[in-house]
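Trainee: Straight from TrEMBL, here's the annotation block:
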DOMAIN    41-287  domain 'G-protein coupled receptors family 1 profile'
TRANSMEM  25-47  transmembrane segment
TRANSMEM  59-78  transmembrane segment
TRANSMEM  98-120  transmembrane segment
TRANSMEM  140-158  transmembrane segment
TRANSMEM  205-225  transmembrane segment
TRANSMEM  237-259  transmembrane segment
Amino acid sequence: MAPGNFSRVTEFILVGLPDRRELQVLFFTFFFLTYAMVLLGNLLIIATLRTDPKLSSPMYFFLCNLSFTDICCSSVISPRLIVDLLSQRKTIAFEECIAQVFFLHFAGASEMFLLTVMAYDRYTAICKPLHYPAIMSQRVCWVLVLACWAGGFLHSIVHTLLIGQLPFCGPNTINSYFCDVPLVIQLACTDLYGTEWLVASNSGLIALVCFLVLITSYMFILATVRLRYTKGNWKAFSTCGSHVMIVTLFFTPCIFIYLRPFPSYTSNKHVCMISTVLSPLLNPLIYTLRNKEVK
């Protein structure tokens, strides 16, 4: 279609939510309670870690930032999802859709990088304990966290600019409960071959590389613990077990969604729900119930 020969789409219709009233009320209750638990649990972790001087190690500093990113990720999706469940017409303006994509990928990519940094922190603490205070100094920790947020911003701004310059002339129906890059760009009235490769490299490939780095670090940790078994090392390794659970639930949906061929892409709202709604809930549950110091 020639540029300028189309009517610009001003809103998208979200059809990924149930139509039956009984199911809407059930889902509303579930997601409202889940979001409330995400907020209360992660805010409690942040308050605890910020007020207790004994919880000032790099691991807890990163955990505090992880709780903040979990709040951000959940707040981008859950409030609108809860409202739409009780709305008759589930629409989102084009500008709001772009903003949702930006903040979702900003917080999501920042959390992705932060989880990788946390794995490096555990690797350094277990595999190089004598050098740990020098390697993970307070200044280094701040630099790593700022780098995570900067990386998340660069990742997100690429997607935002990419969608913003695409022509949308209809249809405008998204089979999901939120705006995400693969589903939105499929509605564009133009050839998407280059766009699909850019999205796959900017999201799927980054997620895959970070996940492989995480798995590699855990393999080194496992090897070190087996060679030098001590009570302290085993306690640290147990902490990593909880970390692995969060990492798997967070990265697997991202890799599955963004590395798939886009022509065969269909809505995966149930898979997305794991990383956008349920994963932020597991952070306060796992890190408080399995960590005696935090409790």
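For all residues, glycine too, the Cβ spot is worked out from N, Cα and C.
Curation does not apply to TrEMBL; its annotations are automatic.
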Trainee: Any contact between the transmembrane segment (140-158) and the transmembrane segment (25-47)? By contact I mean 3+ C-beta pairs closer than 8 Å, pairs at least 6 apart along the chain.
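Mentor: No, these stretches are not in contact.
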Trainee: Out of 59-78, 98-120, 205-225, what stretch is closest in contact terms to the transmembrane segment (25-47), meaning most Cβ pairs under 8 angstroms?
Mentor: 59-78
Trainee: Take the domain 'G-protein coupled receptors family 1 profile' (41-287) and average the pLDDT across it for me.
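Mentor: Mean pLDDT across the domain 'G-protein coupled receptors family 1 profile' (41-287) comes out at 82.
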